[in-house]
Structures are given as C-alpha cells and as structure tokens.
Amino acid sequence: MARLPAGIRFIVSFSRDQWYRAFIFVLTFLLYASFHLSRKPISIVKGELHKHCAGGEAEPSFSGQSSSAGHRPPRQLPDNETDCGWAPFDKNNYQQLLGALDYSFLCAYAIGMYLSGIIGERLPIRYYLTFGMLASGAFTSLFGLGYFYNIHSFGFYVVTQILNGLVQTTGWPSVVTCLSNWFGKGRRGLIMGVWNSHTSVGNILGSLIAGYWVSTCWGLSFIVPGAIVAAMGIVCFLFLIEHPKDIRCSSTLSMHSKGYENTVDRFRLHKPVLHGEKSRPLDPEMQCLLMADGKSSICPSHVVVLPGDSGNSMTAISFTGALRIPGVIEFSLCLLFAKLVSYTFLFWLPLYITSVDHLDAQKAGELSTLFDVGGIFGGILAGVISDRLEKRASTCGLMLLLAAPTLYVFSSVSKMGLEATVAMLLLSGALVSGPYALITTAVSADLGTHKSLKGNAHALSTVTAIIDGTGSVGAALGPLLAGLISPSGWSNVFYMLMFADACALLFLIRLIHKELSCPGLTAGGQAPLKEH
C-alpha cells in the first residue's frame, strides 16, 4: 500500500471535532474582524472631511502645518467639496462635529449592548448575527452614499451612525458565546488572546481599505467595508454552527478534566457525580471566596439564583442576576475606562498623526495601523501571562500601570519625528489593548461560566453584554472628550487618557488584592482549572 502524502497525513492527524473547532475559531474571527473593518473608516476620513484651508483660514489647534504642505499644487475641487473639506465639517467647530459623530455611534452602541445580550440569548445566534451584519453593512454604506448624493446635512450622518451603532451590538455577545460554546476553559487566555486579534486585524484592514479611496472618493471608503460586512453576514448564515451538540460533536476537551467541558454538557452528563463530591476537600474558590473581606469562606450572596418557569436551571439569567456574579461590576467599570482610552485612539489617532507629523490622510491612516499591530501582541501577551499566573485582574492591573507613563512618553516623543512615533505606537498599542482584550474575552467568558451559575450557559451572552456595554459607555465618552479637549492642545487629551488608565486600575484593586491573598483564584473568585 502506498504511503499517504504528507498533507493528507496532516489532515487525518486531527479529529473531526478538532477540525470543527478550528473552523469555528477562524469563522468567528473573520466575522467580528469585518465589524471592526466597518468602524475604522470614519477615523480615516476625518482628515478629508476637514482639511487645512487653501485660503489660509486659521485653525484652532492644528496651525503647525508643514511648509511643504503649503507648496502642493492646487487641485480642482468637485462641486460638492469646499477648499476646507466637506460641509458641514469645513467650519472651525469641526472637532466638536466629528466628536459628535463618534459619540452618536458609540452611545447608541453602549445603550444597545445592554439590550443585545438579553435579546441575543433568547434567539438563535446565527439568525441574530446575520441580521446585525446585513443591517450594519447597509448603514455603513449609507454613510458613504452621502458623498455621491451630495448630502451636507449633519443630521443625516448622525442618524446613520446611531442606527449603525445599534445594529453592531449584535456582534460581540454572539461571537463570544459561540466561541465559548466550542472552547472550554483550558488555556482560555491564550486562545482568546489570539482570537481577539480580530479587533486589530479589522482595524488594520479598515484603515488600508478606507485609506485607498480617502483622497479621491471618500464615499467608497464606507461603501466597500459595508459590502464586506454584508457579505460576511451571508457567510455567517450559511456556515455558523452555534454549538457542538448541533452536529453531534463532543464537548470541548471532554476527555480531560470535567472542568474543561462546556457548561451545558457538564451539567447534563455529570450531574450524578455531584453526590460524590461532598467528601472531597473544598477547592480554592470555596475556601477563599470573600476571605479578603473577612467574611465566611462560603458566602450565600455569591450564589446566583436563576428562577425559571418550571425550575429549569437552563433558563436565561436576569440582568440583576448577572450583576451579582462576583467580579462583573469591577471588571465592567475597569473596562469603561480602558475602552475609553482604546477608542479615543481608534477614532482620533489618524488626525493626531496628521497634525503632529504633517502627513496626509492616507499616510496617517496607514501609520495608525501600527497601534493595532501592537494591540495584537498586547492581547496575546496578556492572555499568555494571565494563563501562566492564573491571575486575570493582576495581569490587567500591571499593563494598566505601565500604560499611563507610556502615554505620557508617547505625547512627548511623537513630536520628535516619524521614527519615535512608530516605536511608541507599537508599545502604546500593546499596553492599551492588552487589558481591554483580556477583559472582553477571557474574563467575560470566565465570569459568564462562573460556578455560582450552576451550569447555566445562557448567562454568558448577558454577562458579555453587560461588561462590553459598560465599556462602550467609556468608548462613547473618550472620542467625545477628545473632540472637546483637543482645541486646547493634544497634551491635555493625553492627560485625560492617563487619568482614565489610573481609574481603570483603581477599580481592579480589590480583585488584585483577592488574587494575591488567595493564589488559587482567578477572575471573579473562581478556582483555576488545571490541565490534566
């Protein structure tokens, strides 16, 4: 018998379950990357919506344009464009108007996220996510159609951003829940750290796609990403598998410790084993829970009661019940300030680079992708460290502690030249995005499958939505504050970001103290699951 080719041997070396898990990993990665791909164009196009006036109109905060920019040959402006940009963004208050666009999207996103988790856990993930992607593609493209139809109404762009922000809330709870259904808790920080790089990959692709057309036809900078999101929505409808049980796949790593199994199957398959666990010694979670507060090691307040119509423990969790899960409030408030910093960079970094390094909108957009490249490494690094140390809060706290002085250095050395800007973009991206990535993925999944839920897998979507929804409040405030503060100087914007990092660290102090005093605990007071 002939020896099988090396490629075939590689394929058959993996089980059917492993191939399906790899497929879901890649698919959900691409689905959410397309969401971020559609969010990025607004930050790239800002430099084109308002430009340095050819007539020499003074600008409040970006007066230091390079002399070389003033010697560029004048170009013929289309009928729907002024020499200061695109009305109504061609006025001196353009920073406030652009900030209002960011705020309208992110505020709608924050409000919608709280509702999205509750709705999403009651609907099939595939249908819910498909609808959100198709609608997001439509509204993203609608913004770009304003260029072709010569629309100069500020209200049109605001309403489009609000509607887009609402429908994009379907994405995050859906993909996190789906991924957590397929992957257990073993090496969750590493797996989700790698997976969460979709945020940076989407931002990079969005920057490159939008930058390609920004100087010639900025409407396509929105229409093309919108078409991509809608196309991925169709892919989602055709291929997304919500749960391994839908195709009779085994629970993740079910051959190992039962702690690795999906919470639904663990509850169903191992329920009889629970009777024998009474003779076992208490695990670190039950020994140390709330010990830092000086109370009993087993506190009734940490048991989330999930009432159902028929006493079924698989009923969807309530909003208040999710808030009672240990660690949800602390990580939510921490993410509020961490996401404030991250989204300020997301929406304002290209414009900052334009003003400091005197680059045009396309080159500034391309350079800003280095922040997202750093974010990829930061998210993976945070996941690896938190897995190895088994301390989610402490890992976030350390990166937040380093991020604040890094931002101060960035604000100082970025004015010294392009090389310094490149180095600080990579470092700042890693430290800013690391805690944000860890909280929105591994921490959310840990808390959404907390032992106090007693096997209820329906809580994950709500918990994820609460944490990311609270973080989105900060994401809405950050760009708005940047638009209001930047006329007084970019240094003040960086002071605001450093203060936000300090606040994020402050909300983790109690959890960090608990982790350090009870080494056996992870996010929210859970005992880590050892690999066998």
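Our numbering is plain: 1 for the first residue shown, then up by one each step along the chain.
Each Cβ is built from the backbone N, Cα and C atoms, and glycine gets one as well.
Per TrEMBL, the feature transmembrane segment maps to 20-37 (among others). Same-chain neighbours of the transmembrane segment (20-37): 14, 129, 133, 136, 168, 171-172, 175, 178-179, 182-183, 191, 195, 197-199, 201-203, 205-206, 209, 225, 228-229, 232, 235-236, 239-241, 244, 247, 249, 252, counting only residues six or more beyond its ends whose CB sits under 8 Å from a CB of the stretch.
Summarising the annotation, TrEMBL assigns domain 'Major facilitator superfamily (MFS) profile' to 27-516.
Annotated region 'Disordered' per TrEMBL: 56-77, in sequence order.
For 97-115 (among others), the entry in TrEMBL reads transmembrane segment.
Below 8 angstroms of C-beta separation, residues 31, 34-35, 38, 41-42, 80, 86, 119-120, 156-157, 160-161, 163-164, 167-171, 174-175, 217-223, 225-234, 236-237, 240 of the same chain, each at least six residues beyond the ends of the transmembrane segment (127-149), sit close to that stretch. Feature annotation from TrEMBL assigns transmembrane segment to 127-149 (among others).
Positions annotated as transmembrane segment by TrEMBL: 161-183 (among others). Long-range Cβ contacts of the transmembrane segment (161-183) within its own chain (Cβ-Cβ under 8 Å, at least 6 residues beyond either end) map to 20-21, 24-25, 28, 31-32, 35, 38-39, 42, 101-102, 104-109, 111-113, 115-117, 120-121, 125, 128-129, 131-133, 135-136, 139-140, 143, 191-192, 195, 240, 242-244, 252, 262, 264, 440-441, 444-445, 448-449, 457, 460-462, 464-465, 468-469.
Long-range contacts of the transmembrane segment (195-214) within the same chain: residues 25, 28-30, 32-41, 43-45, 47-48, 179, 220-222, 224-225, 228, 346, 350, 361-362, 365-366, 368-369, 372-373, 375-376, 379-380, 383, 429, 433, 437, 440-441, each at least 6 residues beyond the stretch ends and with a Cβ under 8 Å from a Cβ of the stretch. Here TrEMBL flags 195-214 (among others) as transmembrane segment.
Long-range Cβ contacts of the transmembrane segment (220-241) within its own chain (Cβ-Cβ under 8 Å, at least 6 residues beyond either end) map to 20, 24, 27-28, 30-31, 34-35, 37-38, 40-41, 44-45, 125-127, 129-134, 136-145, 178, 206, 209-214, 247. The feature transmembrane segment is assigned by TrEMBL to 220-241 (among others).
Annotation comment: TrEMBL describes 328-349 (among others) as transmembrane segment.
What TrEMBL records for 369-386 (among others) is transmembrane segment.
Under 8 Å from some Cβ of the transmembrane segment (393-410) lie the Cβ atoms of residues 327, 330-331, 334, 338, 341, 378, 382, 385-386, 424-425, 427-428, 431-432, 434-435, 438-439, 443, 494, 497-498, 501-502, 504-505, 508-509, 511-512, 514-516, 523, all in the same chain and six or more residues away from its ends. The feature transmembrane segment is assigned by TrEMBL to 393-410 (among others).
The feature transmembrane segment is assigned by TrEMBL to 422-445 (among others).
Look at TrEMBL and you will find 457-481 (among others) tagged as transmembrane segment.
Annotation comment: TrEMBL describes 493-512 (among others) as transmembrane segment.
Per-residue pLDDT, averaged across the domain 'Major facilitator superfamily (MFS) profile' (27-516), gives 78. The list of residues near the transmembrane segment (369-386) in space but at least 6 beyond its ends in sequence, with Cβ under 8 angstroms from a Cβ of it, reads 188-194, 196-197, 199-201, 203-204, 207-208, 345, 349, 392, 395-396, 399, 422, 425-435, 437-438, 441-442, 522. Listed by sequence, the residues of this chain that lie at least six past the ends of the transmembrane segment (457-481) yet keep a Cβ under 8 A from its Cβ atoms are 99-100, 102-103, 105-107, 109-111, 113-114, 116-118, 120-121, 169, 172-174, 176-177, 180-181, 262-264, 304, 306, 314-317, 319, 321-323, 325, 328, 331-333, 335-344, 346-348, 436, 439-440, 443-445, 447-450, 493, 496-497, 500. Beyond the ends of the transmembrane segment (422-445), by six or more residues, the same chain brings 172, 176, 179-180, 185, 188-189, 192-193, 195-196, 199-200, 327, 331, 334-335, 338-339, 341-342, 345, 367-368, 370-379, 381-383, 386, 392, 395-396, 399-400, 402-403, 406-407, 409-410, 413-414, 460, 463-464, 467-468, 471, 504, 523-524 to within a C-beta distance below 8 angstroms of the stretch.
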